[in-house]
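Here the structure is laid out as C-alpha coordinates; the discussion comes afterwards.
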Amino acid sequence: MRGFMSSLNFTTPFHPPTFLLAGIPGLEKEQFWIAFPFCIMYTIAVLGNITLLIIIKTEPSLHEPMYLFLAMLAFTDLVLSTSTLPKMLGIFWLGSREIGFLSCLAQLFFIHTFSSVESGVLMAMALDRYFAICYPLRHSSILSMRVVVALGILVLVRGVLLVSPFCFLLHRLSFCQHHVISHSYCEHMAVVKLACGDTRVNVIYGLFVAFVVTGFDIVLIFVSYTMILRVVMRLSSTDTQLKAVSTCASHACVILAFYVPALFTFLTHRFGQSVPPHVHIMVANLYLLVPPMLNPIIYGVRTKQLCEKMVLLFQQKGA
(Lines of atoms letter the chains of each structure in order from A; the text may use other names.)
(Lines give C-alpha, C1' and ligand atoms only; values in the text may rest on other atoms or scores of the structure.)
Protein backbone atom coordinates (compact mmCIF):
# COMPACT_ATOMS: atom_id res chain seq x y z
CA MET A 1 0.00 0.00 0.00
CA ARG A 2 2.84 2.37 0.91
CA GLY A 3 4.53 1.64 -2.43
CA PHE A 4 1.33 2.37 -4.30
CA MET A 5 0.83 5.67 -2.47
CA SER A 6 4.41 6.68 -3.07
CA SER A 7 3.92 6.03 -6.79
CA LEU A 8 1.07 8.53 -6.65
CA ASN A 9 3.24 11.26 -5.16
CA PHE A 10 1.68 14.70 -5.06
CA THR A 11 4.87 16.76 -5.28
CA THR A 12 5.01 19.23 -8.15
CA PRO A 13 6.28 17.22 -11.14
CA PHE A 14 8.83 18.56 -13.60
CA HIS A 15 7.62 18.68 -17.21
CA PRO A 16 10.01 19.62 -20.00
CA PRO A 17 8.67 22.38 -22.30
CA THR A 18 9.28 20.07 -25.28
CA PHE A 19 10.18 16.52 -26.19
CA LEU A 20 12.29 15.49 -29.16
CA LEU A 21 10.89 12.76 -31.42
CA ALA A 22 13.67 10.51 -32.71
CA GLY A 23 11.85 9.41 -35.88
CA ILE A 24 13.03 5.91 -36.76
CA PRO A 25 16.05 5.07 -34.56
CA GLY A 26 18.80 3.49 -36.66
CA LEU A 27 17.35 4.77 -39.93
CA GLU A 28 17.95 8.50 -39.49
CA LYS A 29 19.56 8.82 -42.94
CA GLU A 30 17.05 6.59 -44.73
CA GLN A 31 13.91 8.12 -43.17
CA PHE A 32 14.02 11.06 -45.62
CA TRP A 33 13.30 8.57 -48.43
CA ILE A 34 10.96 6.43 -46.31
CA ALA A 35 8.77 9.53 -45.99
CA PHE A 36 7.84 9.42 -49.69
CA PRO A 37 5.90 6.10 -49.59
CA PHE A 38 4.46 7.17 -46.23
CA CYS A 39 3.19 10.39 -47.84
CA ILE A 40 1.66 8.43 -50.75
CA MET A 41 -0.06 6.05 -48.32
CA TYR A 42 -1.38 8.96 -46.27
CA THR A 43 -2.72 10.70 -49.40
CA ILE A 44 -4.51 7.50 -50.49
CA ALA A 45 -5.93 7.09 -46.97
CA VAL A 46 -7.25 10.66 -46.81
CA LEU A 47 -8.75 10.67 -50.33
CA GLY A 48 -10.17 7.16 -50.00
CA ASN A 49 -11.82 7.70 -46.62
CA ILE A 50 -13.20 11.14 -47.52
CA THR A 51 -14.65 9.60 -50.71
CA LEU A 52 -16.29 6.84 -48.65
CA LEU A 53 -17.80 9.37 -46.26
CA ILE A 54 -19.16 11.51 -49.12
CA ILE A 55 -20.71 8.52 -50.92
CA ILE A 56 -22.32 7.08 -47.78
CA LYS A 57 -23.65 10.49 -46.72
CA THR A 58 -25.13 11.44 -50.09
CA GLU A 59 -26.57 8.05 -51.08
CA PRO A 60 -29.77 7.17 -49.12
CA SER A 61 -29.60 3.50 -50.19
CA LEU A 62 -26.35 3.16 -48.20
CA HIS A 63 -27.88 4.32 -44.92
CA GLU A 64 -27.77 0.77 -43.58
CA PRO A 65 -25.88 -0.61 -40.54
CA MET A 66 -22.97 -2.03 -42.58
CA TYR A 67 -22.28 1.27 -44.35
CA LEU A 68 -22.88 3.42 -41.29
CA PHE A 69 -20.26 1.37 -39.40
CA LEU A 70 -18.00 1.74 -42.43
CA ALA A 71 -18.47 5.53 -42.26
CA MET A 72 -17.46 5.41 -38.57
CA LEU A 73 -14.39 3.38 -39.55
CA ALA A 74 -13.48 5.90 -42.28
CA PHE A 75 -13.78 8.84 -39.88
CA THR A 76 -11.69 7.00 -37.27
CA ASP A 77 -9.01 6.23 -39.85
CA LEU A 78 -8.86 9.89 -40.87
CA VAL A 79 -8.32 10.98 -37.25
CA LEU A 80 -5.72 8.26 -36.59
CA SER A 81 -3.61 8.95 -39.67
CA THR A 82 -3.91 12.75 -39.42
CA SER A 83 -2.90 12.67 -35.73
CA THR A 84 0.52 11.29 -36.66
CA LEU A 85 1.49 11.62 -40.33
CA PRO A 86 1.82 15.42 -40.75
CA LYS A 87 4.18 15.61 -37.75
CA MET A 88 5.99 12.46 -38.85
CA LEU A 89 6.63 13.88 -42.32
CA GLY A 90 7.89 17.08 -40.67
CA ILE A 91 10.44 15.00 -38.75
CA PHE A 92 11.57 13.01 -41.80
CA TRP A 93 11.76 15.88 -44.29
CA LEU A 94 12.31 19.05 -42.27
CA GLY A 95 13.98 17.74 -39.12
CA SER A 96 11.15 19.26 -37.06
CA ARG A 97 11.59 16.93 -34.09
CA GLU A 98 10.29 19.14 -31.27
CA ILE A 99 6.83 18.62 -29.81
CA GLY A 100 5.45 20.47 -26.78
CA PHE A 101 4.64 18.51 -23.63
CA LEU A 102 0.89 19.20 -23.83
CA SER A 103 0.89 18.66 -27.60
CA CYS A 104 2.52 15.29 -27.00
CA LEU A 105 -0.20 14.35 -24.49
CA ALA A 106 -2.87 15.49 -26.96
CA GLN A 107 -1.36 13.40 -29.76
CA LEU A 108 -1.10 10.41 -27.42
CA PHE A 109 -4.75 10.88 -26.41
CA PHE A 110 -6.04 10.94 -29.99
CA ILE A 111 -3.90 7.99 -31.11
CA HIS A 112 -4.90 5.67 -28.28
CA THR A 113 -8.53 6.83 -28.07
CA PHE A 114 -9.20 6.32 -31.77
CA SER A 115 -7.24 3.04 -31.82
CA SER A 116 -9.72 1.88 -29.18
CA VAL A 117 -12.60 3.29 -31.25
CA GLU A 118 -11.36 1.47 -34.38
CA SER A 119 -11.22 -1.80 -32.46
CA GLY A 120 -14.76 -1.20 -31.20
CA VAL A 121 -16.07 -0.37 -34.69
CA LEU A 122 -14.50 -3.56 -36.09
CA MET A 123 -16.22 -5.49 -33.31
CA ALA A 124 -19.54 -3.79 -34.15
CA MET A 125 -19.08 -4.64 -37.83
CA ALA A 126 -18.52 -8.29 -36.89
CA LEU A 127 -21.78 -8.24 -34.92
CA ASP A 128 -23.51 -6.66 -37.93
CA ARG A 129 -22.30 -9.50 -40.19
CA TYR A 130 -23.41 -12.04 -37.57
CA PHE A 131 -26.97 -10.69 -37.43
CA ALA A 132 -27.13 -10.17 -41.22
CA ILE A 133 -26.15 -13.79 -41.97
CA CYS A 134 -27.55 -15.67 -38.96
CA TYR A 135 -30.78 -13.65 -38.52
CA PRO A 136 -31.41 -12.00 -41.93
CA LEU A 137 -35.13 -11.40 -41.34
CA ARG A 138 -34.55 -9.67 -38.00
CA HIS A 139 -31.35 -7.84 -38.95
CA SER A 140 -32.92 -4.44 -39.62
CA SER A 141 -35.02 -4.56 -36.44
CA ILE A 142 -32.11 -5.66 -34.22
CA LEU A 143 -29.62 -3.16 -35.65
CA SER A 144 -31.90 -0.17 -36.10
CA MET A 145 -30.54 3.31 -36.74
CA ARG A 146 -30.87 4.08 -33.02
CA VAL A 147 -28.87 0.98 -32.04
CA VAL A 148 -26.14 1.73 -34.61
CA VAL A 149 -25.75 5.30 -33.32
CA ALA A 150 -25.76 4.06 -29.71
CA LEU A 151 -22.99 1.55 -30.51
CA GLY A 152 -20.93 4.28 -32.17
CA ILE A 153 -21.31 6.58 -29.16
CA LEU A 154 -20.53 3.69 -26.80
CA VAL A 155 -17.20 2.79 -28.42
CA LEU A 156 -16.22 6.49 -28.53
CA VAL A 157 -17.09 7.03 -24.85
CA ARG A 158 -15.26 3.81 -23.94
CA GLY A 159 -12.13 5.04 -25.69
CA VAL A 160 -12.26 8.49 -24.07
CA LEU A 161 -12.89 7.13 -20.56
CA LEU A 162 -10.17 4.47 -20.77
CA VAL A 163 -7.48 6.63 -22.41
CA SER A 164 -7.99 9.87 -20.45
CA PRO A 165 -6.23 8.42 -17.36
CA PHE A 166 -3.12 7.90 -19.53
CA CYS A 167 -2.75 11.67 -19.76
CA PHE A 168 -3.46 12.22 -16.06
CA LEU A 169 -0.98 9.53 -14.99
CA LEU A 170 1.71 10.92 -17.30
CA HIS A 171 1.07 14.49 -16.13
CA ARG A 172 1.80 13.52 -12.50
CA LEU A 173 5.26 12.16 -13.45
CA SER A 174 8.53 14.07 -13.56
CA PHE A 175 10.74 13.87 -16.63
CA CYS A 176 14.20 14.70 -15.32
CA GLN A 177 16.24 12.48 -17.64
CA HIS A 178 16.76 12.95 -21.37
CA HIS A 179 13.74 14.16 -23.35
CA VAL A 180 14.21 12.19 -26.57
CA ILE A 181 11.27 9.90 -27.38
CA SER A 182 12.57 6.90 -29.32
CA HIS A 183 9.58 6.94 -31.64
CA SER A 184 8.04 8.81 -34.56
CA TYR A 185 5.07 9.94 -32.46
CA CYS A 186 4.02 10.19 -28.81
CA GLU A 187 3.14 6.62 -27.91
CA HIS A 188 2.18 5.90 -24.29
CA MET A 189 4.92 3.47 -23.30
CA ALA A 190 7.59 5.38 -25.24
CA VAL A 191 6.80 8.47 -23.13
CA VAL A 192 6.51 6.48 -19.87
CA LYS A 193 10.07 5.20 -20.36
CA LEU A 194 11.39 8.78 -20.07
CA ALA A 195 9.93 9.32 -16.58
CA CYS A 196 12.30 9.24 -13.62
CA GLY A 197 9.69 8.31 -10.99
CA ASP A 198 7.83 5.11 -10.21
CA THR A 199 5.89 4.17 -13.35
CA ARG A 200 4.32 0.92 -12.16
CA VAL A 201 0.81 2.42 -12.11
CA ASN A 202 1.22 3.59 -15.72
CA VAL A 203 2.47 0.20 -16.87
CA ILE A 204 -0.24 -1.76 -15.04
CA TYR A 205 -3.01 0.54 -16.25
CA GLY A 206 -1.68 0.36 -19.81
CA LEU A 207 -1.82 -3.45 -19.67
CA PHE A 208 -5.33 -3.28 -18.18
CA VAL A 209 -6.63 -1.05 -20.99
CA ALA A 210 -4.99 -3.18 -23.68
CA PHE A 211 -6.50 -6.40 -22.34
CA VAL A 212 -9.94 -4.86 -21.71
CA VAL A 213 -10.25 -3.27 -25.17
CA THR A 214 -8.39 -5.73 -27.38
CA GLY A 215 -9.32 -8.83 -25.40
CA PHE A 216 -13.05 -8.04 -25.28
CA ASP A 217 -13.27 -7.01 -28.93
CA ILE A 218 -11.22 -9.92 -30.30
CA VAL A 219 -13.27 -12.45 -28.32
CA LEU A 220 -16.54 -11.01 -29.66
CA ILE A 221 -15.16 -10.91 -33.22
CA PHE A 222 -13.95 -14.51 -32.94
CA VAL A 223 -17.29 -15.74 -31.53
CA SER A 224 -19.24 -13.84 -34.22
CA TYR A 225 -17.24 -15.35 -37.07
CA THR A 226 -17.34 -18.82 -35.55
CA MET A 227 -21.14 -18.63 -35.46
CA ILE A 228 -21.19 -17.22 -39.01
CA LEU A 229 -19.07 -20.11 -40.33
CA ARG A 230 -21.35 -22.63 -38.65
CA VAL A 231 -24.41 -21.10 -40.32
CA VAL A 232 -22.70 -20.73 -43.72
CA MET A 233 -21.58 -24.38 -43.75
CA ARG A 234 -25.21 -25.44 -43.31
CA LEU A 235 -26.46 -23.49 -46.32
CA SER A 236 -27.59 -25.67 -49.20
CA SER A 237 -26.80 -23.16 -51.96
CA THR A 238 -23.14 -22.91 -52.97
CA ASP A 239 -23.71 -19.44 -54.42
CA THR A 240 -25.15 -18.22 -51.13
CA GLN A 241 -22.20 -19.72 -49.26
CA LEU A 242 -19.70 -17.98 -51.56
CA LYS A 243 -21.53 -14.66 -51.25
CA ALA A 244 -21.52 -14.87 -47.45
CA VAL A 245 -17.84 -15.86 -47.33
CA SER A 246 -16.92 -13.08 -49.78
CA THR A 247 -18.69 -10.48 -47.65
CA CYS A 248 -16.88 -11.63 -44.52
CA ALA A 249 -13.49 -12.02 -46.26
CA SER A 250 -13.10 -8.26 -46.75
CA HIS A 251 -13.85 -7.66 -43.08
CA ALA A 252 -11.38 -10.39 -42.06
CA CYS A 253 -8.64 -8.67 -44.11
CA VAL A 254 -9.33 -5.36 -42.36
CA ILE A 255 -9.26 -7.05 -38.94
CA LEU A 256 -5.90 -8.72 -39.65
CA ALA A 257 -4.39 -5.50 -41.03
CA PHE A 258 -5.35 -3.72 -37.79
CA TYR A 259 -4.73 -6.28 -35.04
CA VAL A 260 -1.53 -8.01 -36.26
CA PRO A 261 0.71 -4.89 -36.19
CA ALA A 262 -1.11 -3.60 -33.08
CA LEU A 263 -0.35 -6.79 -31.14
CA PHE A 264 3.23 -6.87 -32.46
CA THR A 265 3.81 -3.27 -31.26
CA PHE A 266 2.18 -3.91 -27.88
CA LEU A 267 4.17 -7.10 -27.20
CA THR A 268 7.45 -5.62 -28.46
CA HIS A 269 7.22 -2.70 -26.03
CA ARG A 270 7.00 -5.09 -23.08
CA PHE A 271 8.71 -8.34 -24.08
CA GLY A 272 10.57 -7.73 -27.36
CA GLN A 273 13.93 -6.41 -26.18
CA SER A 274 15.61 -8.48 -28.92
CA VAL A 275 13.56 -6.81 -31.69
CA PRO A 276 15.65 -4.09 -33.45
CA PRO A 277 14.24 -0.60 -32.63
CA HIS A 278 13.86 0.36 -36.31
CA VAL A 279 11.74 -2.76 -36.97
CA HIS A 280 9.51 -1.98 -34.00
CA ILE A 281 9.05 1.68 -34.98
CA MET A 282 8.45 0.87 -38.66
CA VAL A 283 5.68 -1.60 -37.74
CA ALA A 284 4.21 0.93 -35.29
CA ASN A 285 4.16 3.57 -38.06
CA LEU A 286 2.61 1.18 -40.57
CA TYR A 287 -0.02 0.22 -37.97
CA LEU A 288 -1.39 3.78 -38.21
CA LEU A 289 -0.98 3.98 -42.00
CA VAL A 290 -1.81 0.64 -43.61
CA PRO A 291 -5.35 0.07 -42.22
CA PRO A 292 -6.54 3.63 -43.09
CA MET A 293 -5.14 3.17 -46.61
CA LEU A 294 -6.46 -0.37 -47.15
CA ASN A 295 -9.94 -0.03 -45.65
CA PRO A 296 -11.49 2.14 -48.41
CA ILE A 297 -9.73 0.07 -51.09
CA ILE A 298 -10.88 -3.27 -49.67
CA TYR A 299 -14.46 -2.19 -49.06
CA GLY A 300 -14.65 -0.16 -52.26
CA VAL A 301 -13.55 -3.10 -54.41
CA ARG A 302 -15.24 -5.94 -52.50
CA THR A 303 -18.60 -4.24 -51.87
CA LYS A 304 -20.65 -4.08 -55.06
CA GLN A 305 -22.90 -1.19 -54.03
CA LEU A 306 -19.96 0.97 -52.92
CA CYS A 307 -17.97 0.12 -56.03
CA GLU A 308 -20.87 1.15 -58.29
CA LYS A 309 -21.41 4.42 -56.40
CA MET A 310 -17.68 5.23 -56.57
CA VAL A 311 -17.60 4.66 -60.34
CA LEU A 312 -20.71 6.83 -60.73
CA LEU A 313 -19.19 9.60 -58.58
CA PHE A 314 -15.98 9.72 -60.63
CA GLN A 315 -17.93 9.63 -63.91
CA GLN A 316 -19.98 12.64 -62.78
CA LYS A 317 -16.81 14.54 -61.81
CA GLY A 318 -15.19 13.70 -65.13
CA ALA A 319 -18.21 14.80 -67.16
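Please read every residue number as a count from 1 along the shown chain.
Every residue gets a Cβ built from N, Cα and C, even glycine.
Taken straight from TrEMBL:
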DOMAIN    48-299  domain 'G-protein coupled receptors family 1 profile'
TRANSMEM  32-55  transmembrane segment
TRANSMEM  67-85  transmembrane segment
TRANSMEM  105-127  transmembrane segment
TRANSMEM  147-171  transmembrane segment
TRANSMEM  203-232  transmembrane segment
TRANSMEM  244-267  transmembrane segment
TRANSMEM  279-301  transmembrane segment
Mind checking which residues reach the transmembrane segment (147-171)? Cβ under 8 Å, same chain, six or more beyond either end.
13, 15, 65, 68-69, 72, 105, 108-109, 112-117, 119-121, 123-124, 188, 191-192, 195, 201-202, 205-206, 209, 212-213
Given the cut-off of 8 Å on Cβ pairs that are 6 or more apart in sequence, determine whether the transmembrane segment (105-127) and the transmembrane segment (32-55) share at least 3 such pairs.
no
Residue list, the transmembrane segment (67-85) vs rest of chain: Cβ under 8 Å, 6 or more residues beyond ends.
38-39, 42, 45-46, 49-50, 52-53, 56-57, 107, 110-111, 114-115, 117-118, 121-122, 124-125, 128, 145, 148, 152, 184-185, 254, 285, 288-289, 291-292, 295-296, 299, 305-306
Per-region confidence, the domain 'G-protein coupled receptors family 1 profile' (48-299) (mean pLDDT, whole number):
87
